[in-house]
Each structure stands twice: as C-alpha cells, then as structure tokens.
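A.B. asks: Encoded as structure tokens, here's the structure I'll be asking about.
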Amino acid sequence: MRQAERAIFDLRRGLPILLRDAGRNVLIQAVEGLNDDTLAAAQALAGSAARLVLSRHRMAALGQTVDGDAQELAFESLPACQGLRELAWTRGVRLPAQCTAKPAERCEDAAVRLLARAQLVPAAIVCPVSPAQAAAVAAEVASGMLLAVDADEALRLCHSGSGQLTRVSEARVPLSEADDSRFILFREADGMHEHVAILIGERARWPEAVPVRLHSSCLTGDLFGSLRCDCGEQLRRGVAAIRAQGGGVLLYLTQEGRGIGLANKLRAYGLQDEGLDTIDADQVIGFSKDERNFRVAHEMLEQLDVSRVLLLTNNPGKVEALQRAGINVVARQAIYGEVTAQNQRYLHTKANRHGHWLHDLLNEQDEPASAEPERLPAPGAAGGA
Ligand SMILES: Nc1nc2c(ncn2[C@@H]2O[C@H](COP(=O)(O)OP(=O)(O)OP(=O)(O)O)[C@@H](O)[C@H]2O)c(=O)[nH]1
Ligand SMILES: [Zn+2]
C-alpha cells in the first residue's frame, strides 16, 4: 500500500504521479490546482496530449450516462485549465462537440479513485507516456522526483481503505453532557485519517446491547452550530442519550461531508445556494450521494470488544453496514436535531432521497406507507423512534 498512500499526499500538493498497469505508464495530475504551466510541464514530460478523466457521477451531471466508473475524454484541442476546471465541477456546462469519450482503463480509473480518496475533485488529466519520453520519465522516478504507483495497488487502497487501526492514545475528557467520558484515538495505516471513540460512563454499567452512535465529522455543524444541517445537535444529543441509557460509545469518524472533505462540502454548499439539493450538488462535483463506508467503525467496535449494539441513527445505511460486518444491531433509536428554516430542505432530501427515517420528524402525512421504517426488535429502553 505504501506507494499508493504516498501518492495521495503528492496529488494533494498538486504534483503529478505515474500510474503503471501491464506495461502502460500514465502520468496523472489533479485538475484541481492545475495551472497552464503545470499542465504544459506534464504534457512535455509524458510526450503526449493530456486527456481528461471524470467520474461517472460527473458525467451524469453533464447529461451523459456511461458504462463503468470513469470516462476518459479526448479533445481535438485541449481546453486551457480554466476550461478543464469548468468541465470538472461547474454547473450547467456542456461537453465540447469535438470531444470523444471512452470508458477509462485501469490507470485512469485508479486516478479518479485516488483523487476521491484524497478528497480532491475526482477529475484528473492523464498523459500516457510516449516511447520517446520513457527514459526521461524513468529518470524522474529513479531520482525520487516522481512517484510511481501500480494501478492495482491504488485500486486496492481505494476499494478497501487502509484499515488496520492503531490505538494511539487516550485520556479522560469530561463532557458537559457526560462528565465520565474517555477519548480513545485510533489512527489508520495511511497515517492521515484519525478517528476517536468516546466511551461514555462506566463500562460495567453499560446496557447489554451497548448504545452506540456513529457520527461523521461536520466542522460547520459540530463546532460552529451551522444552521444548514442537524449535525451539531445530533452530536450533543447523542452523547446525552447514551449517558441517559447508562453509557456506551460514540464513534467520531473523520468523514467530513459524507466523505468528500470540507473543501468539496463548501463547493457543494455554493451549488446548493444556486438551487441544487445536497445529493445533486455532490454529483456535480463528481461524487456519489454518500462516499462513506463504515469499515473503520466496525474495526473500532471490534477493538473495543463491542458486538451487540443499540444504534442511535436515522440512517438505514449505517444499520446495514454494521450488520453486514457482523455486528449484532439489536435495535435502532432515532436521533433528531431541530428542524429549522435553513435545514429543512436538507432534511427532506435525506428523508426522500437517502431513505433516512426522518418522516416522523418532518411529519409528512402524505408519505406512502412503504416509507415507514422497518423497526428492529426494540428492547424496552429503546423508544423515541
Ligand atoms: N456532502 C455534504 N455533506 C454534508 C452536508 N451536510 C452535512 N454533511 C455531512 O453529512 C455527514 C452527516 O453525518 P451523520 O451525522 O453521520 O449523519 P447521517 O448519515 O445523516 O445519519 P444519522 O445522523 O445517523 O441519522 C457529516 O459528514 C456532514 O459533514 C451537505 O450538504 N453535503
Ligand atoms: Zn453537518
């Protein structure tokens, strides 16, 4: 994994990397952060004209349905950087007529996935290395100036995550909603992502089905009380609800913006201000409606030896993800924030397009019966849904 993990840092710094697959060598670079000079430098080093690779979500936003997860676009004459940026994440843009599209090969597919994992806009320029430039590129790799990564390794990292959490440090941190809390920090093998387990109350007194909340980070909501979402209230109410039930675990997961990162979440907010809902806004930037997976949550619960849980969530995806991983989710309890003028559109989108169990909160009598949550067999303590 190591080269692929290093590649994420280079891509985030705006540097090119080399992807290799079965004798193919392709130079790739993020469109984000590209300028006309760095674009020219990449084309000169590779000895070929750059193409653009976009995710299928971005292609859908451009009005194209495509096979496969990414699409490579070749141009008769390549747009300048500004044009590439518009093709990558601006609303209302059309593909130029003289541009041809084909399903991405492995290196190109890996490029887009690495960028998404790096929480950059998943749009890359790709320049296949020409035979004439092969020696020059090899020299850059040998000197350490250019990082070379096998496409296979990159795809493995993107599909499975780096996993292998290390329990790094811990301390008692009394919280206003639960003064007997303990923070335990876990670090992923990539060295980049850290997640915190907050153990609330005395373990010996925890209910047999341990109250657990998986909370994805939201800087704007959790820290600043943003009115655009319900995260901050869910976080504090989550801690209080776990405390009230005798204690349990809150996993604070570094998954800002449903996994797209803060930079992209702010881009998406801009698009929402232009009228898009939260899902369509993410799609314009090239992402699916939820880029998270909950493998790290499962791994943290395993390391904490928690296998039977009462899950505090309105998100059916979290219940399914934990159950699939072998955690026994014996019950689910709703956890609501306040509905406000500013967040109600967001909450309605979650209910209607993400399938969140929020209809009780939003009081939508006209919802079809099939939208009713399928209740898990709830223990006596787990009301509130
Ligand atoms: N991309 C994007 N992410 C958002 C937006 N608003 C909030 N988020 C993120 O959405 C995530 C909310 O996560 P959670 O609190 O786990 O909530 P959830 O998946 O709705 O599920 P429950 O709260 O458990 O019902 C956080 O990572 C927020 O940063 C938005 O408009 N766009
Ligand atoms: Zn939020």
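Keep in mind that glycine also has a Cβ here, set from the backbone N, Cα and C atoms.
Unlike curated records, TrEMBL annotations are generated automatically.
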A.B. asks: Need one residue: from Gln234, Gln342, Gln344, the one TrEMBL lists with Arg213, Leu214, His215, Ser216, Ser217, Glu256, Gly257, Arg258, Thr278, Thr313, Lys318 for GTP.
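C.D. replies: Answer, per TrEMBL (GTP site with Arg213, Leu214, His215, Ser216, Ser217, Glu256, Gly257, Arg258, Thr278, Thr313, Lys318), from Gln234, Gln342, Gln344: Gln234.
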A.B. asks: For ligand 2, which among the recorded positions His215, Cys218, Glu256, Arg258, Asp290 have a CB under 6 Å from it?
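C.D. replies: Once distances to ligand 2 are taken from each Cβ, Cys218 fall under 6 Å.
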A.B. asks: Determine, for the Zn(2+) site, the additional residues of the same chain whose CB lies within 8 Å of the mean position of the CB atoms of Cys218, Cys229, Cys231; present them in sequence order.
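C.D. replies: The answer, listed by sequence position, is Thr220, Gly221, Asp222, Ser226, Arg228, Asp230, Gly232, Gln234.
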A.B. asks: In Å, how large is the greatest distance between any two Cα atoms among Arg213, Leu214, His215, Ser216, Ser217, Gln234, Glu256, Gly257, Arg258, Thr278, Thr313, Lys318, the listed binders of GTP?
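C.D. replies: This binding site's residues have a maximal Cα-Cα distance of 23 Å.
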A.B. asks: Just the number: how many Å between the Cα atoms of Cys229 (Zn(2+) binding site) and Ser217 (GTP binding site)?
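C.D. replies: The separation of the Cα atoms works out to 12 Å.
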A.B. asks: Please give me the binding-site residues out of Ser217, Cys218, Arg258 that lie within 10 Å of Arg292 (active site, nucleophile), comparing Cα atoms only.
C.D. replies: Arg258
A.B. asks: Thr313 (GTP binding site): which of the recorded positions Cys218, Cys231, Asp290 is the nearest Cα neighbour?
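C.D. replies: Smallest Cα separation from Thr313 (GTP binding site) among Cys218, Cys231, Asp290: Cys231.
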